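Participant: My questions will all concern the structure given below.
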Amino acid sequence: MPPAAPPGPGPVRRDRVRPTVPATTSGTAASAGPQPQRRPRWAAPWDGIDGLRAVLWLVCGAVILLPLSAIVVLAITNNHLPLLLSGDVVEAARNSVVSAATSAVGAVLVGTILALLLDRSDLRGRRTLRLLALTPLLVPPFVGAIAWIGIAGPTGPVNRAWTEWFGGPLWIIYGGDGVVFLLIVHSYPIAYIIMSAALRRVPSDLEQAARISGASLLRSVTGITLPLLRPAAFSAFTLIAVSNLADFGIPSIIGLPERFVTLSTLVYRYIQSGTVESPLEVVATIGVVLLGVAVLSMVIDLLVNRTRVELDQSSAPPQPIRLGRARAATSIVAWTLVLAITLLPLLALTSQALLPAPGVPLAWENLTLDNIVRATTAPGTIVGATNSVMLSVLAGLICTVLGLAVGTIVTRTRARSNAALATVALLPQAIPGLVIAVGWLIIAPRIGLFNTPWLILCAYVMAFVAVVVQAVAAPLRSTPMSMEEAARISGASRLRALIDISWRMAVPAAVAGGVLVALTAVRELTISVLLLSPGSQTLGVSIFSLQQAGAYNAAAALSLLVTLVGLAGLGLVDRRRH
Amino acid sequence: MPRTTPRLPPMRNSLSTLSTRNTRNALAGLALVGLALTGCSAATDTTDDASATTEAATITLYTSEPQAKIDAVVAAFNVIEPGVTVDVFRAGTGDLTARIEAELTSGDVQADVLLAADAGTFEGYKADDLLRAYTPADVDALNPDVVDPDGFYTGTRIIPTVIAYNTTMIDTPPTSWQELTDSAYADLITMPNPDVSGAAAYNAAVWLNTPDLGDDWLSALAANNPVIAESNGPVSQAVATGTQPIGIVVDYLVRELKAAGSPIDVSYPAEGVPYVSQPVGIFASTSEQDASEAFVDFLVSAQGQELAVEQSYLPVRNDVGTPEGAPAMDDIAILSPDLQVISDSRADAVARFTELFS
């Protein structure tokens, strides 16, 4: 028997619809929802919060708006609108939006189901499965895409076997559906991390209350848990949709063979094929279009997500969802699917890493460690690994702090500029790495960062800070302001309440986001490749260079090592959490 | 116009491995001042003593050569010219183009030497007055096709696009471009995408301008439904693994895979092969002319070309042989079309290709 529910307020929804769960508190219900700190009328015109907000705008201005404006200026110096209205660009824009939106829906669905199963249920072996499920995060998308072609390409083993048995291929990965599938595979871990953080905030008291009142397990999940996860789901959706807009590796390798062109592959077409005058301006123009799409999606996010759900701290330990008779079956299905999605490409990668050259039959006597030796001893690799680790850790730290500050200030205080600040932080997610890099290259000589690693660091922070902002904002949106109010009543300043209460509550989410940033940055390719100083390397660039040089097996070996080291790191983080 | 000399960033000492560029830029600025004071007397005494060591200098090279190969080239160059430090920035041709364009937006190109891609790219820079005229010391020994008549760039390797095939799946390889249109090869072919690969765009233009092939051939090839891969790398990989047993791809990748043990081999089509020459050129904004010229000389010297052959490339001179497994240079039919025609028709060729293969 769980302890009695605390006397505090239950979930309170702040919308025009009748609340599904009646509010238990007094008259505050009508205006409830996390009531962000409002400046009292009698307060001085400027206080610490305003100062903090000004600092954040300054930092975001320097790290995000400055390079963005370089891109915008480049785009509007000459009129490239006629090109934008050409069939190619319109079709690519449609493909981009459709693939980004559908893959984000898919990723959020998969991430939510995984969060429920791995964090809340009594599924067998869920800790190991959780680690496995996170592996796609560690494999660079362009490596994952090539591994998947080896599995589900037109003459891959799956389709060859299927053709033998049934006379036709099962599913050829090339084309729009393959792009959506792989985008889901590479982005569901982000959704899982955000949803899992949000799930930890859903009070189990409510689920238990529902069960006690006679609701079935399914009904308590669909009626209580899922609705309470909605704000986090929207945050995850926006983040993933916007960042999938900018993905290049997957659409270029999987989409182009079937002529599935997206805006980010179009960017490379214009730069590489030399078929347009002043390609950089054209590319900047496409970047601006993507920015427009990102702003639009943020506006939609704000409009749809106006409904706030407020959750109390739960006093009861979360009760696992008992799968009962379905436990064995669910475990088998979950394990099979996760293994298929994660282990197949890892196996493809491993076999590539251990074979001397592509096409050599997989047999014991052919296996070699040469690639691993070659990959790890190449002079560039050591430099690349050192640089990548340093840059990604720094980027993770800076993004954690900046994202924490931005994420709390836009959810825990009230100001007209909050929506603008949140949008600015998210914008860079939508534009391809190449465009971000071009923006920084243009301003680099003027700010004295040309050919320094700090340029890459700045670009990483710009590109990834949104991950932390969204990770922080999602759980905070559903946390009541009562603690901050208590602090204020006890005499704390608005800034003090923000730092002592809001920040502390959001630290776990911010750290999770920061880890995510570091893991993404450590294998980043498209930004680093343009911004590196001569003689330098990063891991992503090392892998890509090996691949371009035809040393696929050494490239596979290096990706495998990055994945394994990342997994070990994740395992350690996970272990300390338990 | 003086070169931009960015300020020293704070804290860069802790990361000295990553960049030495800023101090060098400052030095380059000083050198430029010195050069301006002494007039251009330095430029006259370069050609007479090829073996003498150039004064200590640091040059920046932008290149699309694979990292390991360019490292070997620089090491061999440093045996002859120990005083010249070569800082290498390696990236794909498209990324190089983007970086150069971005640098031009805010000042001068930050490289001294460019070694990349095809003549078309260099023709563009030549037209924009970004290149400095320089004819390498040993120019008479070179294949005249790869030397710019105006003297702004020189080819350093012959990189032809050929037919690759998987030896376990294909018994009698196709020996001509025409043969690839045979319906026996339907669904078996893969080739790089001219939308993404500059070399592939060049090839498309050459095929369309070759009377024996032209639009009819390209249409017939499209009817065989080839898989359009991203670039040469994935093509050679698909052929080696048998995903697509026939590929249209640059020859040196195939030779290297074969040497590593892949079941892959190359066939030089009878009609002739389109090729890119990985030209080298010196940027007009350089302040290290002597060192840059010494590097260009080395690339096309007998020694530099022997190294190229060792690295599986076909050379631009006739006195250094060819890589193991490649025919002699005289036995390879090469398509050398008028470059002006090719650059003019390139955009149309890519558009036609896209239309046919969608």
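Cβ from N, Cα, C; glycine included.
From TrEMBL, here are the annotated features:
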COMPBIAS  A:1-10  compositional bias 'Pro residues'
COMPBIAS  A:19-40  compositional bias 'Low complexity'
DOMAIN    A:93-301  domain 'ABC transmembrane type-1'
DOMAIN    A:385-573  domain 'ABC transmembrane type-1'
REGION    A:1-40  region 'Disordered'
TRANSMEM  A:55-77  transmembrane segment
TRANSMEM  A:97-117  transmembrane segment
TRANSMEM  A:129-151  transmembrane segment
TRANSMEM  A:171-195  transmembrane segment
TRANSMEM  A:282-304  transmembrane segment
TRANSMEM  A:332-355  transmembrane segment
TRANSMEM  A:389-410  transmembrane segment
TRANSMEM  A:419-442  transmembrane segment
TRANSMEM  A:454-476  transmembrane segment
TRANSMEM  A:497-522  transmembrane segment
TRANSMEM  A:551-573  transmembrane segment
Participant: Could you name the stretch, out of A:129-151, A:282-304, A:389-410, A:497-522, with the greatest number of CB pairs under 8 A to the transmembrane segment (A:419-442)?
Facilitator: A:282-304
Participant: Honestly, do the transmembrane segment (A:389-410) and the transmembrane segment (A:55-77) touch, with at least three Cβ pairs under 8 Å and pairs 6 or more apart in sequence?
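Facilitator: Taking Cβ pairs at least 6 residues apart, the transmembrane segment (A:55-77) and the transmembrane segment (A:389-410) are in contact, with 3 or more under 8 Å.
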Participant: Please work out which recorded stretch in A:55-77, A:454-476, A:551-573 has the most C-beta pairs separated by under 8 angstroms from the transmembrane segment (A:332-355)?
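Facilitator: Per the Cβ count, the answer is A:551-573.
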Participant: Please tell me whether the transmembrane segment (A:282-304) and the transmembrane segment (A:497-522) touch - that is, whether there are at least 3 C-beta pairs under 8 Å between them, with each pair 6 or more apart in sequence.
Facilitator: no
Participant: Within the same chain, where does the transmembrane segment (A:171-195) have neighbours whose Cβ lies under 8 angstroms from its own Cβ atoms, ignoring anything closer than 6 residues to its ends? I mean 6 or more beyond.
Facilitator: 95, 98-100, 102-104, 106-108, 110-112, 114-115, 118, 133-134, 136-137, 139, 141, 144-145, 148-149, 151-154, 156, 158-159, 229, 232-233, 235-236, 239-240, 243-244, 247, 250-251, 254-255, 257-258, 260, 262, 341, 467, 470-471, 474, 512-513, 516
Participant: As a test: from A:55-77, A:97-117, A:129-151, A:454-476, A:497-522, pick the stretch that has the greatest number of Cβ pairs under 8 Å with the transmembrane segment (A:551-573).
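Facilitator: Stretch with maximum Cβ contacts: A:129-151.
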